[in-house]
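Trainee: Below is the structure I would like to discuss, written out as structure tokens.
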Amino acid sequence: GDAGPGAAGGGGSRRFPQAIIVGVKKGGTRALLEFLRAHPGVRAVGAEPHFFDRCYEKGLRWYRSLMPRTLEGQITMEKTPSYFVTKEAPRRIYNMSRDTKLIVVVRNPVTRAISDYTQTLSKNPTIPSFQALAFKNLSTGLIDTSWSAVRIGIYAKHLDNWLQYFPLSKFLFVSGERLVSDPAGEMGRVQDFLGLKRVVTDKHFYFNETKGFPCLKKPEGGSKPRCLGKSKGRPHPKIDGQVVQRLREFYRPFNMKFYQMTGQDFGWD
């Protein structure tokens, strides 16, 4: 839904987003967007527009037509997590506006890869095992970086591409883990980064025991609490411990480089 201040009377105007959640898939981007939409100063597109990766030829006018109307002082946002791993996305966003604020939700790349696989498996139960897809050669332990579930988690490599166009100051790196363990704390950082008043606070959240992550309490005038859909919080398949260990070792140097680049230790190792 698009309802919000100014929506009913058709007031306000459509603007290019001043902030975009550019990544990463299975990191917690949907949760972050839903939490942000509880803020009266944020208006966001519900569906992922995929403009800067798949629909660029439709042009900027088409892109702007997707945006909700905003009033003075409100921020327009969208999220498409595949932008982070799309080579052309940084240049294209820069050409729209070099002032765009970029939010990247990251999560332990090993659990992210397993979550990614779990999602694919739920749509296509006949795919090979996680192990078969993750390794080029099981006996040598060589990881297959051409598999997107593995490739997405090499955050340092993708960030390198973005830093050709945007300075680090334009980025906020959100911890997918902290978005679950301390949603209000992480949301405080996000609101500060966006220049918004800290409206979304701990009183907005409660922990859903069955799903294992936080949900928004009843929105103003809404009928029931906002929890993410049934596709979120799926139980992961059991992955062999050695496979997980090998992946951890594979990601460690990339994680260290990412911590250095961002000045943030995400505690995955």
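Cβ coordinates come from backbone N, Cα and C, glycine included.
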Trainee: Name the cysteine that pairs with Cys227 in a disulphide bond per TrEMBL, restricting the answer to Cys55, Cys215.
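Mentor: Recorded partner, per TrEMBL: Cys215.
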Trainee: If you measure from the Cα of Ser115 (3'-phosphoadenylyl sulfate binding site), which of the recorded positions Lys26, Cys215, Cys227 is the nearest?
Mentor: Lys26
Trainee: Expressed to the nearest Å, what is the distance separating Gly28 (3'-phosphoadenylyl sulfate binding site) and Cys215 (disulfide bond) at their Cα atoms?
Mentor: 13
Trainee: Since the record lists Lys26, Arg30 as recorded positions, which of them has the fewest other Cβ atoms within 10 Å of its Cβ?
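Mentor: Counting other Cβ atoms within 10 Å of each of the recorded positions Lys26, Arg30 gives the minimum at Arg30.
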Trainee: Tell me which residues of the chain lie with their Cβ under 8 angstroms from that of Cys227 (disulfide bond), as long as they are six or more apart in sequence?
Mentor: Asn208, Lys211, Cys215, Leu216
Trainee: Over the domain 'Sulfotransferase' (17-252), what does the predicted model average in pLDDT?
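Mentor: Mean model confidence (pLDDT) across the domain 'Sulfotransferase' (17-252) is 94.
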Trainee: Can you tell me how many other Cβ atoms are located within 10 Å of the Cβ belonging to Gly28 (3'-phosphoadenylyl sulfate binding site)?
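Mentor: For Gly28 (3'-phosphoadenylyl sulfate binding site), the count of other Cβ atoms within 10 Å is 28.
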